[in-house]
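Q: Structure in structure tokens, see below.
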Amino acid sequence: MRLWGWGAERSGRAWDKRDARLQGSGRRGQGWPRMVTPRALGVLLLRLLLPLASGKVTEQPRNVCLGLPKMNTYDHFGLNDTAKCFTECGQQGSKPCKLETLQRYWLNYEIHLVEESVTDTVNMSFLKSFVKDISTNISEDLHFSLTPFQIPTQMTDDGHEHPDRVRLPRTLFKSLQGSRSMVRLAITVLNVGPGNLFKGPQLSLEDGSRVLDNRVVGLSLGHTCVTGLADPLEITFSHQQQPPNVTLSCVFWDANKGSTGDWSSKGCSTELRAKETVCRCDHLTFFALLLRPVLDNVTVQALKYISQAGCGASMFFLAFTIALYAALRFYWQRLKSEDAPKIHVALSISLFLLNLVFFINMGVGRRASEAACRAHGAVFHYFLLCTFTWMGLEAFHLYLLIIRVFNTYFGHYFLKLSLVGWGLPALIVFGNGIAKSYGLYAIHDKENTTTLELCWFYEKTALYVTVHGYFLVTFLFSAVVLGLVAWKIFTLSNATVGKMQGLNWKGVLTVLGLSSLLGMTWGLVIFTPLGLSATYVFALFNSLQGIFIFCWFVILYFPRQSTTSSTSGTARADQAHSVSHE
């Protein structure tokens, strides 16, 4: 890179001039300080080498990400050293970073390219720059390609064959004719990596928002400030087709926004196309395309009210189910020995407590202290995992009853199920608590405004593993068991002559009832990327799971006298073959 060589040339010319002055005065030998005589030089080298020989190094290692020495150095080493912060800042357990200083470093780098550097191009793995002198008397717009992994280049036309490109209007340069005839333009494509740099306060909260491909595009005329363009510049970002629940927005980096700077859309417009987005802005700076959740405040509040209403109704019916079971144990001796109703009630208890903690958590948010918020998040996580686990145990018990009918004896059966149902989630939550995975979780709208805050996960990887992954395992197991049971039910009904139609309807109702126990309504979350309608359906049906469980419990243990002998095979198995083995 020529930056380093340029500095060496300047230094060499300075020494040559000094030598010439000394020669002209006839004092070349006398002009040198005494410390550079052979003897003094030997003493100096000896003093420098002694600390190294003894293993003592006085210079402390510097942390560039804290903005310590050489933060204004733009040679090859300085750029590479500072670029390490793109990955290091924001990683779990990483050293602290001074984001404001680092971001200012890269903003000033474009000014350095225009005002001080003599280089025309910069080609590094994370940085591609192109610098060009432009006449202010141009007669047509300028077009440049922004192809990833390539240095930006000027094109002779609008270059639609280049998916990533920028158009600078001729009026931008004509507006500067009064002050100069030529201006120096710098175009930079910078890969800001996965860390917190150039993510802003909102994007660093891990809410699903991100910078497209972690790339930002910088346009600069040095110290010349360009704002309020009547004919805006255009930057085209190419991308694959995005899901409906994500919005794309054109933004620029506002260094004066907040304490460290943040992305802003003021003065920019966004034109969405099939596989590209065109950003039009009326000024020069760093630009990017943000991908953010599409939920606005109205939608979030509507989903919140639907969930609260459904969860409130479920809590009422779940409480009634638990009370009903406790009352029936005094009248029906067989309920004390059967395992199926015990499992139903354990699921009802975990789901009731989950809904209760959900109500409490919705009202806590930022008002709680950091320790209290972690506790709320841990309790919420625990009962969520208990609910998933008991739904999986419902599927396991159903598998033993319907699929594997013989050789199903287990000593202390329900006790073992309880150890898994309540103990396994406790171990997972304990591990996450030690790792400090819980904290304040925020949901943002497409304007990056906070629409909802609750105590939940702060660490994204733990959320994916212990919630998404755990749910996926239990859901797939339950879905397979439900599919096998449905096949058994409908095979049995088709084999019964004269009662096919009636038993088919009873089979459908039985499968629907079992679906509520196995948590199939939770599986509707898979369809939420299809749009808001699917999100509303998921919020409604999932919050009503307690009502479905209550209906199944009543139908199962209070059958009508006329249909007692003709209940489904699943109900009979649930009542007759689930005797406790304690």
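Just so you know, glycine gets a Cβ as well, placed from its N, Cα and C.
Per TrEMBL, domain 'GAIN-B' is recorded for 138-297. According to TrEMBL, the feature domain 'G-protein coupled receptors family 2 profile 2' maps to 303-557. The feature transmembrane segment is assigned by TrEMBL to 313-331, 343-360, 380-402, 414-435, 467-487, 508-530, 536-558. As annotated by TrEMBL, region 'Disordered' applies to 563-582.
How buried are these features, and what lies next to them?
A: On the 0 to 100 pLDDT scale, the model's mean across the domain 'GAIN-B' (138-297) is 85.
When Cβ-Cβ distances below 8 Å are used as the criterion, the transmembrane segment (313-331) is approached by residues 341, 344-345, 348-349, 351-352, 355-356, 543-547, 549-550, 553-554, 557 of the same chain, each at least six residues removed from its ends.
Cβ atoms under 8 Å from those of the transmembrane segment (343-360) belong to residues 307-308, 311-312, 314-315, 318-319, 321-322, 325, 376, 379-380, 383-384, 386-387, 389-391, 393-394, 397, 414, 417-418, 421, 517, 545-546, 549, 552-553 of the same chain, restricted to positions at least 6 beyond its ends.
Within the same chain, residues 339-340, 343-344, 346-347, 350-351, 353-354, 357-358, 361, 408, 417, 420-422, 424-426, 428-429, 432, 438, 455-457, 466-467, 470-471, 473-474, 477-478, 481-482, 484-485, 488, 514, 517-519, 522, 569-570, 573-574, 577-578 sit at least 6 positions outside the transmembrane segment (380-402) and bring their C-beta atoms closer than 8 Å to a C-beta of that stretch.
Residues 339, 342-343, 346, 350, 374, 378, 381-383, 385-386, 389-390, 393, 397, 459, 462, 466, 470, 580, 582 of the same chain lie 6+ residues outside the transmembrane segment (414-435) yet bring a C-beta within less than 8 angstroms of a C-beta in it.
Taking Cβ pairs closer than 8 Å, the transmembrane segment (467-487) reaches residues 381, 384-385, 388-389, 391-392, 394-396, 398-399, 402-403, 428, 457, 507, 511, 514-515, 518-520, 522-523, 570 in its own chain, all 6 or more past its ends.
Remote same-chain residues near the transmembrane segment (508-530) are listed as 243-245, 344, 347, 387-388, 391, 394-395, 398, 471, 474-475, 478-479, 481-482, 485-486, 489, 537-538, 541-542, 544-545, 548-549, 551-552, 555-556, 568, 570-571 (criterion: CB distance under 8 Å, separation of at least six residues from the stretch ends).
Proximity of distant same-chain residues to the transmembrane segment (536-558), defined by a Cβ-Cβ separation under 8 Å and at least 6 residues beyond the stretch ends, is recorded for 302-303, 306-307, 309-311, 313-318, 320-321, 324-325, 328, 335, 341, 344, 347-348, 351-352, 355, 513-517, 519, 521-522, 524-525, 527-528, 571, 574-575.
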